[in-house]
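Look at TrEMBL and you will find 1-35 tagged as region 'Disordered'. Annotation source TrEMBL lists compositional bias 'Basic and acidic residues' at 21-30. Residues annotated as transmembrane segment in TrEMBL: 49-76, 88-109, 169-198, 218-238, 259-283, 321-339, 409-431, 437-460, 467-485, 505-525.
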Amino acid sequence: MTSCEHPDFLQQDDNMLNSQDDGRGKKKDGQPGSPSSSHLAYGILDVPPWYLCILLGIQHFLTALGGLVAVPLILAKDLCLQHDPLTKSYLISTMFFVSGICTLLQVFFGVRLPILQGGSFGFVAPSLAMLSLPAWKCPEWTLNASQVNASSPEFTEEWQKRIRELQGAIMVASCVQILVGFSGLIGFLMRFIGPLTIAPTISLVALPLFDSAGNNAGTHWGVAAMTIFLIVLFSQYLKNVAVPMPIYGREKKGHTSKFYLFQVFPVLLALCISWLLCFVLTVTNALPKDPTAYGYQARTNTEANVLSQAPWFRFPYPGQWGLPTISPAGVFGIMAGVISSMVESVGDYYACARLVGAPPPPKHAINRGIGIEGLGCLLAGAWGSGNGTTSYSENVGALGITKVGSRMVIVAAGCVLLVMGVFGKIGAAFATIPTPVIGGMFLVMFGVIAAVGISSLQYVDMNSSRNIFVFGFSIFCGLTVPNWVNKNPEMLQTGILQLDQVFQVLLTTSMFVGGFLGFLLDNTIPGSPEERGLLTWNQIHKESEETAKVSEVYGLPCGIGTKFCTSSYTRYLPFCPRPEHHEKGFKTAVSAPV
């Protein structure tokens, strides 16, 4: 994640992103400049000019693009869609569309911070574990491109019954998240969840996916290595290099400005360059034409017909793959992903508030945010995206780069996602990315996600043998136990098929095993709060002194908070703001941070 201390990506002589109102955008009246927000070009309550909202919204879409596209592509093989790029494009478009809906819901009615919503890697591991059960393993003929007829009813039923099973599991598990959020239970649970629980949980979201990333990259290691090299080059070595860009403004009709191109679009640039190279190697026949030869998957014409087959416009709708089905194994497995998603999202809320100059979110806002994320997962399941939704950490980091924390920019990003979701050719284009390019992108992306989890340990005393044991044992068991269970499924035989499936899905989900052990050991092995990192962990969630601003930032829109949350009944609801009257006027009380 990019540091918020990095210089603005856009530096111009006439300061296009000027924080003062000059007719191109407006500031909220009565919003005082504060040390936390004085460095921002636009604060959370400001409204930039419409064209800037659209451009910055597109940028947020591109920042999240890797995760949005990666999730459907990872699931494709276990859904038996390895040789059906057209359906893969439909899943990508559905993910775009649902993410747009969830983003708008979160900004208007959820935590109300500028956070983009998108597909969650936390749901990938339990989904793959569920699909690896004997009942859901793909038939051999679906793995052979010459035997797959994508338009046949038999093949359609093969992949649709699997995604319907995923839909049912996601929809039921999301109801638990809705309950945890809107009941206020998340505040109680966070008392027992510290860095030693979060670190193994988030790290094990990505670490077990090394096999998938390696298999994709291994279809042509040369192309994959070049993709990795370009991402590292752009994001790490060239991130401080400013590229002159022509600008047309009101005060200066034509001039140049410095744009940190490599810092803002490292993944997109690397993907496009690798894609272009593969295209050149394909037209020159430098890559083999034989589908069984090494390097064939690097050709750009292996799925070329999908672009001509995909419709220009396609509107995703709930139940587009049929009526969802439900099994206990799938539900319990996806619940592990839901827990991981909630823990990560609460951390994102505090990070986002700090970057955009807003006071830390009070309990009612956190409760609403988690509840709305659960509603988003319910919608994602109903639409058949094959995944749930969660807050995107990479987009929180982008707020620190751009210095634009306006809510309206994320509203624009949500609208961009909706448009991309109905534009069928867009999803088809991403479905034709050569496999080794995807593998190279996965290797970098999964490594970063694992590092994000480990970074939670900065609050913990790692000189303590207790903490070293808790983290090391949790991580190692989180990798070892699922590996053993996958190799010895016959050892989990209780005589009850449904119970066997529940155990197999849970015990083959690394983040559940590691996260559960981290939670259990951290809360039972004696250790001081300082040693466990809880003192520092809680200190970063201190109450803000800007209590009057909490109502502006986290209050419900259109007067909902003042009209419907002030009665004697609704004011006790854990997701409603709690106004209080003081002698010097109205002031909003901030609930203690979770």
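Backbone N, Cα and C define each Cβ position, glycine as well.
Unlike curated entries, TrEMBL annotations are predicted automatically.
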At an 8 Å Cβ cut-off, counting only pairs 6 or more apart in sequence, do the transmembrane segment (259-283) and the transmembrane segment (218-238) clear the bar of 3 or more pairs? yes
Counting CB pairs under 8 Å, which listed stretch among 437-460, 467-485, 505-525 touches the transmembrane segment (218-238) the most? 437-460
Does the transmembrane segment (505-525) reach the transmembrane segment (321-339) with at least 3 CB pairs under 8 A, where each pair is 6 or more residues apart? yes
Sort out the residues at least 6 away from either end of the transmembrane segment (467-485), same chain, that have Cβ-Cβ distances under 8 Å to it, and list them. 129, 196, 199-200, 203-204, 207-208, 457, 460-461, 491-492, 504, 507-511, 513-515, 517-518, 521-522, 525, 527, 531-533
Highest Cβ pair tally under 8 Å against the transmembrane segment (88-109), stretches 49-76, 321-339, 409-431, 437-460, lands on 409-431
Per the Cβ filter (under 8 Å) with a sequence gap of at least 6 from its ends, the transmembrane segment (409-431) is approached by 42, 48, 52-54, 56-58, 60-61, 69, 73, 85-86, 88-101, 103-104, 107-108, 114-116, 303, 306-307, 309-316
Outside the transmembrane segment (437-460), six or more residues from its ends: residues with CB under 8 Å to it: 1, 66-67, 70, 73-74, 121, 194-196, 198-207, 209-210, 212-219, 223-228, 231-232, 267, 270-271, 274-275, 278, 298, 393, 467, 471, 531-533, 536-537
